[in-house]
Amino acid sequence: MPPLPPDTNSPAAPKSYTPHLLHKFDSPAELKQLHAHLVKTNASISVLPLPKVASVCSRGRCFPYAQHIFARSDNHDTSVWNSCLRALAEGDHPIDAVSLFYQMRTSGVLPDAFTCSFLLKACVSLLDIANGKILHGVVEKLGFGSNLFLQNMILNLYGLCGEMADAMLLFDKMPQRDVVTWNTVELEEESGLRPNQVTVVSVLAACADLCALDLGKRVHEYSNRSGFKNNVLVCNTLIDMYAKCGSLEEASRVFDEMEGKRTVFSWSAMIVGLAAHGRAQEALSLFSSMLQDGTEPNGVTFVGLLHACAHMGLVDEGRAFFTSMTRDYGITPGIEHYGCMVDLLSRAGLVKEAYEFIMEMPIKPNGIIWGALLGGCRLHKDIKLAEQAIQHLSVLDPLNDGYYIVLSNIYAEAGRWEDVTRVRKLMKARGVKKTSGWSKITLDDGIVHEFVAGDESHPQAEGIFRKWDELVVEMMLRGYVANTSLVLLDIEEEQKVKFIYRHSEKLAVSFGLLNTPAGTTIRIIKNLRVCEDCHSALKLIAAISGREIVVRDRNRFHCFKDGCCSCGDYW
């Protein structure tokens, strides 16, 4: 295309432009006026802010003029091109972004993942499947095939353009998937897709791992409409999905409707689910029903039973199950069964017996085994055994920050601050970084809100802290006193109270109370173990609000209702 001269007939430009004034143009006419002045004064055109040029020209539908300026500016790096591409992709004429992309390629500048994301956004706006497929090839060629964000965008483009065969081909090849992926490939009748039971089971398994209850319910509804309601494999996966998403009622409903069709996997999934929710007696009772039904247990069944015993301190019952699995059913214990036994003994305060049990194991203990012992040492303040456990863990899992933090906390509880400092220096020397705690809550619109301790970045932060202050007043009237002994820092008492008041699960619950209808269950995912103070607070908040609050932490579920927790305060 021929070069476009500046519009010298425009009104006279100011005699000089400061860097600040170089951004003061909001129309193509003003841009041309500034361009003319730069030409007249022999100033370099490169001083023009190219992203602003792209944005203004896109709104004014005079992209050729922007191309003229681009061609006469100095070489630009990828970030400059990306800024311009984003401005065009989000403008009134996203087709200009596609044109600029081809100009970028001919200039020899290498695109990056951001480049591809802006171009994909433009293709989605235009429903431009032709350029979208070309861009898909570029993404693969540049090595971004494992970029989940880009893969989801391409998947979305194929779906919007009706290219379902290409969408499913990409879907099958994706090395990882998240909730966005599954939402994109929606299992709706109008999509023309007809997934089989294997597809449904795969989606349900992903929902279980992601704790995506709402999506899981939609897949359940689809499954029923598609004739899979009585499919044993689907039903077993539904039980597992509902249990892992904190909805035991729904899991029980599916299980009850399977009467006469249950397999060992059905019984085991329900027993494991009950155990994870602290309902140990129900899990043991269900095991008795399983035996009466004539179904023989497997290794997973005993993992659930041992978990149930560990979470409720049923030491004698746990020992009996561990012996029975080999003696009565010929099941050789695996590392997970030994881990459950060490956890059971350690939690119950039998840390020396747990240590001896580890020493007598016929298989080599792994990090989970020693980690279970370390957790028991923390609960029962056994520093000597804790130090032995950490010696093994530093070899088996040297970069796991959790073990160092537990040992540091044990020292802090004992007032051994020099040892606390020593552990922290050791973490730094080994490159071990402390994992930040977070809590997540998903609203009905599918948007996930994540909080960290003391988080003031959320748009509703002011309302969240105001709600928390209101809850504290109500809680204090019911006898609540902040448990500052849990703040293992050498700081003033007032600072400890402020620190513990702002734990992430407290912020997430306050947010949930503000943004969900009265009476609905609040569901939270926590990446670390719930602390004792938050546990006490959430019991009171459940009673005050008349809500059920379900928290899935690193170890198990806590279902708070009417001032009590399903764990019976043993976790």
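Here the Cβ of each residue, glycine as well, is placed from N, Cα and C on the backbone.
All annotation found in TrEMBL is predicted automatically rather than curated by experts.
Not measured: the values here are computed from a predicted model.
Straight from TrEMBL, the features:
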type	residues	note
DOMAIN	479-571	domain 'DYW'
REPEAT	77-111	repeat 'PPR'
REPEAT	231-261	repeat 'PPR'
REPEAT	263-297	repeat 'PPR'
REPEAT	298-333	repeat 'PPR'
Local confidence of the prediction over the domain 'DYW' (479-571), expressed as mean pLDDT: 87
Structural state census, the repeat 'PPR' (298-333) (DSSP three-state): 27 helix, 0 strand, 9 coil
DSSP-assigned states of the repeat 'PPR' (263-297) in counts, ordered helix, strand, coil: 26 helix, 0 strand, 9 coil
